[in-house]
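Over in TrEMBL, the protein carries these features:
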type	residues	note
DOMAIN	A:10-218	domain 'Cytochrome b561'
TRANSMEM	A:7-28	transmembrane segment
TRANSMEM	A:48-67	transmembrane segment
TRANSMEM	A:79-102	transmembrane segment
TRANSMEM	A:114-141	transmembrane segment
TRANSMEM	A:153-173	transmembrane segment
TRANSMEM	A:198-219	transmembrane segment
Protein chains: 2
Amino acid sequence: MNLFYAAYGFSLCLGLLCVLFVSVWSSYWRGGFAWDGSFLQFNWHPVLMVSGLVVLYGSAAIVFRVPSTWKHRKYIWKLVHGGLMFLALLLSVLGLCAVFDFHKAFYIPDLYSVHSWVGLMTVVIFSFQWVLGLAGFLFPCTPLWFRSTIKPFHMWLGKAILILSLTSCISGINEKLLLTLNGSTGELYSSLPAEAKFVNFLGVLIVTFGMVIFGILSYKKWQRPETNEAVHPLLNDIRP
Amino acid sequence: MNLFYAAYGFSLCLGLLCVLFVSVWSSYWRGGFAWDGSFLQFNWHPVLMVSGLVVLYGSAAIVFRVPSTWKHRKYIWKLVHGGLMFLALLLSVLGLCAVFDFHKAFYIPDLYSVHSWVGLMTVVIFSFQWVLGLAGFLFPCTPLWFRSTIKPFHMWLGKAILILSLTSCISGINEKLLLTLNGSTGELYSSLPAEAKFVNFLGVLIVTFGMVIFGILSYKKWQRPETNEAVHPLLNDIRP
């Protein structure tokens with residue numbers, strides 16, 4: 001149990017560091033934020049994607065693992081899980097809007113890089129997963145056979161989305177540094193200026209966060225004990 | 001069981017397609033292969049990394065899940081697993097040599113991009129995991145408490161390495177296309193020439209392969225039934 005809280009605390013610290021680092025990158029090195037189609041609007045893209053698609057998503061994925069939640073009704077934590085995931089999805093969609101608006105203003109084609117293909121694939125699959133999760137686990141009228149059938153699929157797809165998120169974020173960070181540092185700033189990425197070191201380290205933080213979240217999800221002993229799985233999702237585990 | 005073989009067959013097809021696509025990319029669009037420090041030596045890098053660090057690694061990770069292997073002694077499949085992983089590691093190290101030699105010949109600094117940081121991190125952790133696996137599961141003198149302690153860690157780290165591999169490969173493909181298409185060829189990546197479409201699709205194949213491997217690893221019912229876990233790793237499951 002202590003080991004769980006150590007891992008959980010570590011994941012929270014890493015998540016906060018990721019948000020801090022990506023915000024400092026956008027505000028200190030890239031000039032801050034705006035929503036006007038300029039480079040400053042683009043700066044929302046990494047911040048929203050890292051915060052939503054990686055940190056909030058990863059944190060929402062492990063809420064059922066926290067032992068102090070096991071004494072509450074499970075459906076409360078399903079609502080928390082679904083709510084946090086909705087927020088993660090919202091931030092991700094806003095992050096996409098930021099980059100599409102920026103592209104439009106600068107006549108840059110959309111969706112040409114493998115980063116953008118995998119990134120869009122991530123958000124589309126995430127949207128599908130959220131709707132499926134809502135239909136399968138929160139709608140009162142959902143048949144139980146449907147719920148039990150999709151549960152392993154939901155758990156697998158949840159992990160797969162996190163993998164896609166990590167892949168999208170690292171390839172996106174790499175793309176941004178290659179285009180920016182080798183372009184307008186005059187500082188080559190290959191000369192590893194301070195910004196490059198800082199943001200490369202952000203990349204290491206992001207993948208480490210992902211690995212810790214996978215560790216927490218993988219360790220069977222940390223799973224919430226199953227109770228009354230046969231009854232309805234909104235009624236099971238009716239301890240007060 | 002039929003669903004397992006469908007997923008397994010799908011993963012094999014995807015893996016073969018990944019190797020085929022990355023080989024066609026390097027040979028048809030990038031001029032083929034050599035080991036002389038030229039661009040043609042670089043071309044070994046994506047082929048060896050995708051083949052070793054993703055496809056062979058992923059295929060080796062799931063050998064214990066194949067039901068037709070369950071009638072054999074487990075240690076035989078441990079040797080197969082360890083052997084395939086060694087081959088995957090060897091290909092990955094050769095892939096690193098290819099890019100380091102190329103950098104040396106062209107005076108390009110090593111290890112400046114987030115792709116290279118995460119990629120090197122992947123191979124270093126993979127090497128550590130292989131040595132740990134050898135010591136923990138194949139050495140006859142290893143105490144059983146050590147084996148049972150590291151087993152969940154080994155399984156988690158194995159998945160984490162696959163995530164890192166996928167992340168490294170996608171960011172590397174993105175980097176290569178950005179530098180090559182926007183550089184010497186005169187065809188902008190953003191205009192999505194045939195090479196870009198083909199290689200972006202390779203990226204989608206790679207992440208899909210990774211997702212299917214995770215699916216196979218995640219589904220509990222497909223795990224090899226545990227037998228005689230208390231006895232020695234080289235002696236357990238002694239059915240002929």
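Here the Cβ of each residue, glycine as well, is placed from N, Cα and C on the backbone.
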Same-chain residues at least 6 beyond the ends of the transmembrane segment (A:7-28) whose Cβ lies under 8 Å from its Cβ atoms:
43-44, 46-47, 50-51, 54-55, 58-59, 62, 65-66, 195, 198-199, 201-202, 205-206, 208-209, 212-213, 215-216
With a Cβ cut-off under 8 Å, give me the same-chain residues at least six positions beyond the ends of the transmembrane segment (A:153-173) that come close to it.
45-46, 49-50, 53-54, 57-58, 61, 113-115, 118-119, 121-122, 125-126, 129, 132-133, 136-137, 199, 202-203, 206-207, 210, 213-214, 217
Restricting attention to the domain 'Cytochrome b561' (A:10-218), give the mean pLDDT.
96
